[in-house]
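Structure record follows, encoded as structure tokens.
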Amino acid sequence: MKRVSVFGATGSIGQNTLDLIARERDAYDVVALTGGGNIGQLAKDAKALQAEVAVTAYPEKLDELRDALAGSGVEAAAGPEAIAEAADRPADWIMSAIVGAAGLVPGLRALRHGTTLALANKESLVTAGPHLMAEAKRHGARILPVDSEHSAVFQGLVGENIEDVERIVITASGGALRDWPLEQLGAATLADACAHPNWDMGQRITIDSASMFNKALELIETREFFDVAPEQIEAVVHPQSLIHALVGFRDGALMAHIGPPDMRHAIGYALHWPDRKHLPVARLDLAQIATLEFRPACEKRWPALRLAREVMHLRGLAGACFNAAKESALDAFIAGQIGFLTMTEVVERTLEQTQAREGLDSATVSLDNILAVDHLSRTRAVEIAAQLAGAHTD
Ligand code: NAD
Ligand code: MG
């Protein structure tokens, strides 16, 4: 039996992961499931899968979780430290699917035990790429990418030498506002940004798809995970979301990974790696698809992509600042405080100010420094968002 834990079990990736586990119930021993405020879902899944422990991120929800688990034999725990401790419980495979930088510490804790980490939480790599990869190496732990693009690249590299790779092309759907005229983007509402044409995902990543911050994070994620130069990484808009990424080799060959937009493929690949097993995803009818469409990923329309290039060049703690500022700007947009385009402005200004004052590129990438810059950048981004919100309403 494979011992598995799922962090962020109540979310979109978490639920897809549990779906695959539940289909082969006898093959898995479920150790820990973690969630946030959706106690009903967390308790239901923990009981159904007979998990050892269920953990909510919110201490004030502990009594509710205890009540929901009463008599089931599943332990209840709460709070960020309890989530990190759940990552200390012996497991063979852990799904890291918490959204945001909150996923970093539990992932690091799992790596320290040599546990295989299936990484959906791209923010870990953006925030702490060099540290995370070094920790995995030091403890002999494996990280398997779950972001669909990175899973596609990973699969494209099987049997290949990374030195033969000339380019990596990451595809982007373009998100909910892909076809909007440029001059209307500033007026996009929360509901507009949440209507993703292809993928069914959590709210935050769906909005990040519309702003292209998701793709910006993924370019940085590519740089950190595969250790390729920023100049080798490209983005292209592919509205159908059928090709997830392409790997270009020195002989000019391009290997594309094609599949339906269903995260259970990338999750299942990481779950069964190095084997392949049957997965309940749709099979594509190429004749019916007929054509594959591509468009340039315009940095004028999506300035987040330009910022990603800056972050990749700065490196150091720039990713931690970029991600934290992005998370704060997203909070402000969701709260109706700032407009859609102001998100990028907040991130750009936070990055500029933090680089000017703290020197992001020259700092040591330790966990303490990462967490300090994350905190400082959030505070700064909140201030900048408030200023910009004020300026725009005057
Ligand atoms: P989601 O919002 O649907 O779920 C997030 C999960 O994290 C939930 O279980 C929630 O309770 C938990 N959570 C939220 N804040 C937390 C905190 N502070 N501490 C502990 N737990 C917390 O998100 P999602 O769409 O499933 O995305 C999860 C991660 O996977 C993200 O990093 C996202 O970028 C990445 N990802 C998602 C998809 C997708 O299809 N949804 C695709 C690729 C990558
Ligand atoms: Mg992705």
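In case you wondered, yes, glycine gets a Cβ from its N, Cα and C as well.
Nobody curates TrEMBL annotations by hand; they come from automatic prediction.
Across the range of the domain '1-deoxy-D-xylulose 5-phosphate reductoisomerase N-terminal' (4-129), the DSSP-based residue counts are 63 helix, 28 strand, 35 coil. The domain '1-deoxy-D-xylulose 5-phosphate reductoisomerase N-terminal' annotation in TrEMBL covers 4-129.
Remark: T10 (NADPH binding site) has G35, G36, N38, Q41, L42, D45 as non-local neighbours, by Cβ distance under 8 Å and separation of at least 6 in sequence. As annotated by TrEMBL, NADPH binding site applies to T10, G11, S12, I13, G36, N38, N121, E123, G202.
Listed in sequence order, the residues of the same chain lying 6 or more apart from H196 (1-deoxy-D-xylulose 5-phosphate binding site) and placing their CB within less than 8 Å of its CB are S173, G175, A176, T206, S209, A210. H196 (1-deoxy-D-xylulose 5-phosphate binding site) falls within neither a helix nor a strand when secondary structure is assigned with DSSP, and so counts as coil. The 1-deoxy-D-xylulose 5-phosphate binding site annotation in TrEMBL covers K122, S148, E149, S173, H196, S209, N214, K215, E218.
According to TrEMBL, the domain '1-deoxy-D-xylulose 5-phosphate reductoisomerase C-terminal' annotation covers 143-226.
E149 (1-deoxy-D-xylulose 5-phosphate binding site) has a Cβ environment of 27 other Cβ atoms inside 10 Å. Taken residue by residue with DSSP, E149 (1-deoxy-D-xylulose 5-phosphate binding site) is part of a helix. What TrEMBL records for D147, E149, E218 is Mn(2+) binding site.
On the 0 to 100 pLDDT scale, the domain 'DXP reductoisomerase C-terminal' (258-379) averages 98 in the predicted structure. The feature domain 'DXP reductoisomerase C-terminal' is assigned by TrEMBL to 258-379.
In the vicinity of ligand 1, defined as a Cβ distance under 6 Å, the following of the binding-site residues K122, D147, E149 are placed: K122, D147. Of all the binding-site residues listed (S12, N121, N214), S12 has the fewest other CB atoms within 10 A of its CB. Cα separation, K122 (1-deoxy-D-xylulose 5-phosphate binding site) to G202 (NADPH binding site), rounded: 14 Å.
For the recorded Mn(2+) site, residues D147, E149, E218 set the reference point as the centre of their Cβ atoms, and the other residues of that chain within 8 Å of it by Cβ are K122, P145, S148, H150, I170, N214, K215, L217, E221, T222, H244, A245.
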